[in-house]
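Here's the structure, in structure tokens; my notes come after.
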């Protein structure tokens, strides 16, 4: 017998073709699984290397456990709802038509029944598990909560109940209600599909089993709804639906009682459902449900509305007074404003001779270097190589210099791989050769050189200065704000150095090589780790390069802020990490906050809105995330070592209950602040973002009287930054300052207030001045007594003290200042306004603003040329702050500024005064000669830059500065003559170019 011819193509069997699809699926699953494993295992290696494996384990265990619980609860509820409905299906129908329909439905469903009965619960379980896993922090806080020792004014519950119990209980209740609803719908649909529920002409037929199932599900839903109503009573103190946060008159007298009534009513209706399940009659539960809905609408919605509209609104100021008082007190407590020192400050506007004598120390420390503008000067003078860079905004700190505290503008010289030339842009160069920056650069905040350059305290390569040298501190910067994504470092003993370390000299002195010797990252010396990291970073070069050896480490997650965020996911991290030389190392200091949005009666704040200012809007610092909080504490100070990336977390506010709860969750990762060295203590600052949030609240909450608060006639605003063109808030400023009640200056963070801005306009006069003490001392593990103290100076409401915007307008509109600035613009140069500082000295408020000159060349940088000062209606304008203050205060301010050593040139006449007469012909000749000198200096300077002659460029900048000073002096003499002539070639514009401030 002959076999039938096969229809398959020759050489291809059905088995091979049928096995291809499952093989591809298995391969795809294996690839995805291995990629997932690579990401998980590299995370394990990273946390282990840093000594924070406990964080990884506990966080992920919490996520996994909450996911599994959520998944299991939803899966079980939906699965058993479907299974019970299926098993209780009727075996026969009462009539032929119903039987035929039932058989047809069952025939269609039977092929997929098992898949649906398992797949549907799994699908809903995955959604539920994911939702539960996202609440892992609430779960951990609930099981590890710590008491506040303070009760809310309505229910007399400890604050911890609202911050750590209620959020979790609310989630659990809502989650269980969702499960009941989904399971109930799944059960009802199954009953319908299998005939237990049928739509008939006489009504709806429901089998006895379906009735019991629905009744039990309904009872469970109503019980959970009743619990939710009961918990809603407590959430009224967290409400933000009214004009003020918290439970107000209507909430206390209408909403809270109504919620209690609805909770009891829901429980009673649940009992009716249980009775219906037993006796099989549905009239009572249907009536009860209808009554519950009507009660919820009338008592829960209409009644509170009537109370609010017809009782509260006509007498709001009296009825809400008690609750406004609660809001004021609880808000101030939640934001750390309850212990602020408030002093009346009757500021004078009269600049009298010797007025600064009592503020001599403050005057000597007034900062002139603007950390926003001076970055390019650091780059031109200290960058040395194109593969180095400085941040756009530098940081302000303080160091001990010659036995005195010196305000300092500081930055680290970080690596910039994008600065490599095109033929250097190889994988080896970017990840193995060029791995780190080098050195700290710091300049005195209150001084500058004769030609307007920063006066450096620490500079050069090799690094040298008052902060140490290459042997006294580790200058290499492997971890920074602009470090490469990853670098491969390390080598066996005796292997040649491969890393580019630093230039051997300033000009063409070659390069030195180095090998990283610390413990900075996971080892990639074995093939498994190399493969896993190649997958993580999607780089075959990492796997195949001969630059990777048995001792190689991989450095990544190198940004200090992001590093701390990953190791402490329960913290909100400040937007500005700053470097400091501490105990022979460069350390990044990062502030961490514990926050909550559940503090009773506290006014919520959007963190992003509160922390936006002219620095964040320009991208110089990072604004906080767009999340709402109504409680914040600077609970943690973190340090990140710039060399090896090691991280230390210190419990700075060790009395914060939220931090205590997290310490119970992660008991070994947060150290007590008693372990902080004295050197580290001396560089701790009051954090900027916390200060911004607090000053935003103080605009209203400096008022503590409920009646005045209600009237809102004494609200303040943070002034806009007058040195930028956009309408954005002025940033706070770090400076050494002696407040009126202090015996000596302290490093402080400051801001000012003007009347409330209404519809975009406000009177720009000063109403308040806020300072936060940032002096933590220099003793190991001991905080300075005054650290964190907030001091607020309140000016009288009839004050005539100008605000920052008004002071800037005075500078811009003064004729003498305008003419001088026009002269500075000669020769294609820009005039840049530095930060406008406000200081409470001399019995009033002093404004100080440095004025920088920058030529328009690509390689130019700003040099400080003049200083503007204002006190009341008077202004001063001179080459140095010391001279400007003497002009302002009748020839003698009574104090010596930090730049007094730069004096020696003939001071220009103060604005508004008449210089001694001089012949116009001589003045015109002098002016022309000075302008010619300035133009020649600019041309010669640009030629020097083109040749790479930085020393020659610096010399020409000095000549330019001297020539412009001569020109200004000549112009002043011309203006004093009876018939002044036009300034040759003067630029008509008189307004200084706006620039960002710090």
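The backbone N, Cα and C atoms fix where each Cβ goes, and this holds for glycine too.
The compositional bias 'Basic and acidic residues' annotation in Swiss-Prot covers 496-509.
Sequence annotations record features per position, and here Swiss-Prot assigns compositional bias 'Pro residues' to 908-919.
What Swiss-Prot records for 976-990 is compositional bias 'Low complexity'.
Sequence-distant contacts of the region 'Disordered' (490-518) (same chain, at least 6 residues past either end, Cβ-Cβ under 8 Å): 384-385, 387, 432-436, 438-439, 461-462, 476, 478, 547, 549-553, 643-644, 948. Look at Swiss-Prot and you will find 490-518 (among others) tagged as region 'Disordered'.
The annotation region 'Disordered' is assigned in Swiss-Prot to 888-923 (among others).
Annotation source Swiss-Prot lists region 'Disordered' at 971-998 (among others).
According to Swiss-Prot, the transmembrane segment annotation covers 18-38 (among others), on the basis of sequence analysis. Within its own chain, the transmembrane segment (18-38) has Cβ neighbours under 8 Å at 531-533, 535-536, counting only residues six or more beyond its boundaries.
Here Swiss-Prot flags 64-84 (among others) as transmembrane segment, drawing on sequence analysis. Packing against the transmembrane segment (64-84) from elsewhere in the chain are residues 116-118, 120-122, 124-133, 135-136, 139, 175-176, 179-180, 182-184, 186-187, 190, 209, 213, 217: each is 6 or more residues past its ends and has a CB under 8 Å from a CB in it.
Taken from Swiss-Prot, the feature transmembrane segment applies to 115-135 (among others).
Annotation comment: Swiss-Prot describes 168-188 (among others) as transmembrane segment.
The transmembrane segment annotation in Swiss-Prot covers 211-231 (among others) and is backed by sequence analysis. A Cβ distance under 8 Å defines the sequence-distant neighbours of the transmembrane segment (211-231), meaning residues of its chain 6+ beyond its ends; these are 81, 84-85, 88, 166, 169-170, 173-174, 176-177, 180-181, 183-184, 187-188, 191, 259-260, 262-267, 269-271, 273-274, 276-277, 280, 282, 285, 292.
Taken from Swiss-Prot, the feature transmembrane segment covers 260-280 (among others).
Sequence-distant neighbours of the transmembrane segment (287-307) (same chain, 6+ residues past either end, Cβ-Cβ under 8 Å): 222, 249-251, 253-255, 258-259, 261-262, 265-266, 268-269, 272. Summarising the annotation, Swiss-Prot assigns transmembrane segment to 287-307 (among others) and lists sequence analysis as the type of evidence.
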Checklist outcome for this item: Taking DSSP H, G, I as helix and E, B as strand, the region 'Disordered' (490-518) contains 0 helix, 9 strand, 20 coil
